[in-house]
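*Asks:* Structure in structure tokens, see below.
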Amino acid sequence: MQDEDGYITLNIKPRKQALSSAEPASSWWRVMALVLLISSMGLVVGLVALGIMSVTQQKYLLAEKENLSATLQQLAKKFCQELIRQSEIKTKSTFEHKCSPCATKWRYHGDSCYGFFRRNLTWEESKQYCTEQNATLVKTASQSTLDYIAERITSVRWIGLSRQNSKKDWMWEDSSVLRKNGINLSGNTEENMNCAYLHNGKIHPASCKERHYLICERNAGMTRVDQLL
């Protein structure tokens, strides 16, 4: 517009300020986003905690299951061996029960199966024969094992005890040394008597070239619980 002096006057009207409602809306969304973030983090933490608890519980239950299985197996073993023992007393002969994990003609005692073989062999030949049966010559390091074996034999039997020479220690087939305060050898331990046999409940040294019957031993495995009855 032109004024009285001929100058042009600009009539500029101030622009209306933008609605301030956008700013509160933006703040509201930020608050909501923060709430959702915190909630999500809480959910993740909760899920992780549940996962840890679940894994811990699974490990506990697995350990309990293993303990119960071991206890059941021990009870089953004792019961099975008692069934066999009572049957042998009753029949006065070797008895095989279907609960035994041992092969036919092998006897079940403790954690082992014992094979009594009537083969006249040298000690080395006996050792090899047992190896072929996936076994070793018997170890009678405990009195209970010695008594069990002695009650079931009448003839001389090679066992898994030997030494390299008269200056060396007597050792079992598993490389353990014969304990001085444990089972003792009876008779003379002269030179060239570097292998041992069992007879009449006692262990005797002998020449390894002698020929005798033998006893093999191998791990029994698990008692057949489902065959107890």
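Cβ from N, Cα, C; glycine included.
These came from Swiss-Prot, pasted as-is:
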TOPO_DOM  1-31  topological domain 'Cytoplasmic'
MOD_RES   Y7  phosphotyrosine
TRANSMEM  32-52  transmembrane segment
TOPO_DOM  53-229  topological domain 'Extracellular'
CARBOHYD  N67  N-linked glycosylation site
DISULFID  C102-C113  disulfide bond
DOMAIN    109-217  domain 'C-type lectin'
CARBOHYD  N120  N-linked glycosylation site
DISULFID  C130-C216  disulfide bond
CARBOHYD  N134  N-linked glycosylation site
CARBOHYD  N184  N-linked glycosylation site
DISULFID  C195-C208  disulfide bond
*Asks:* Closest to C102 (disulfide bond): which of the recorded positions N67, N184, C216, going by Cα position?
*Replies:* C216
*Asks:* Tell me which residues of the chain lie with their Cβ under 8 angstroms from that of C113 (disulfide bond), as long as they are six or more apart in sequence?
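*Replies:* In sequence order, P101, C102, A103, W106, R107, A135, E217, R218, N219, A220 meet the Cβ cut-off.
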*Asks:* What does the structure give for the C-alpha distance between N184 (N-linked glycosylation site) and N67 (N-linked glycosylation site)? Integer Å is fine.
*Replies:* 37
*Asks:* So among N67, N120, C208, all listed as recorded positions, which is physically nearest to C130 (disulfide bond)? Use the C-alpha atoms.
*Replies:* N120
*Asks:* Looking at the recorded positions listed here (N67, N120, N134, C208), whose Cα lies nearest to that of C216 (disulfide bond)?
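*Replies:* The smallest Cα gap between C216 (disulfide bond) and any of the recorded positions is with N134.
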*Asks:* If H, G and I count as helix, E and B as strand, and all else as coil, what does DSSP give for N67 (N-linked glycosylation site)?
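*Replies:* Looking at the DSSP assignment, N67 (N-linked glycosylation site) belongs to a helix.
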*Asks:* Give me the CA-CA distance between N67 (N-linked glycosylation site) and N134 (N-linked glycosylation site), in Å, as a whole number.
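*Replies:* On Cα coordinates alone, these residues lie 29 Å apart.
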*Asks:* Using only C-alpha positions, which one of N134, C195, C208 is spatially nearest N120 (N-linked glycosylation site)? These are the recorded positions in the record.
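*Replies:* Sorting the recorded positions by distance from N120 (N-linked glycosylation site), the top entry is C208.
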*Asks:* Could you tell me how many residues in the domain 'C-type lectin' (109-217) are helical, how many are strand and how many are coil under DSSP?
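*Replies:* Split into helix, strand and coil, the domain 'C-type lectin' (109-217) gives 18 helix, 39 strand, 52 coil.
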*Asks:* Given N134 (N-linked glycosylation site) and C195 (disulfide bond), what distance in Å do their CA atoms have, once rounded to a whole number?
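*Replies:* Per the Cα atoms, N134 (N-linked glycosylation site) and C195 (disulfide bond) stand 21 Å apart.
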*Asks:* As a test of the contact definition, list every same-chain residue at least 6 positions from C195 (disulfide bond) whose Cβ is closer than 8 Å to its Cβ.
*Replies:* W123, W158, L161, S162, P205, A206, S207, C208, E210
*Asks:* Go through C130, C208, the listed disulfide-bonded residues, and name the one with the sparsest Cβ surroundings, counting other Cβ atoms within 10 Å.
*Replies:* C208
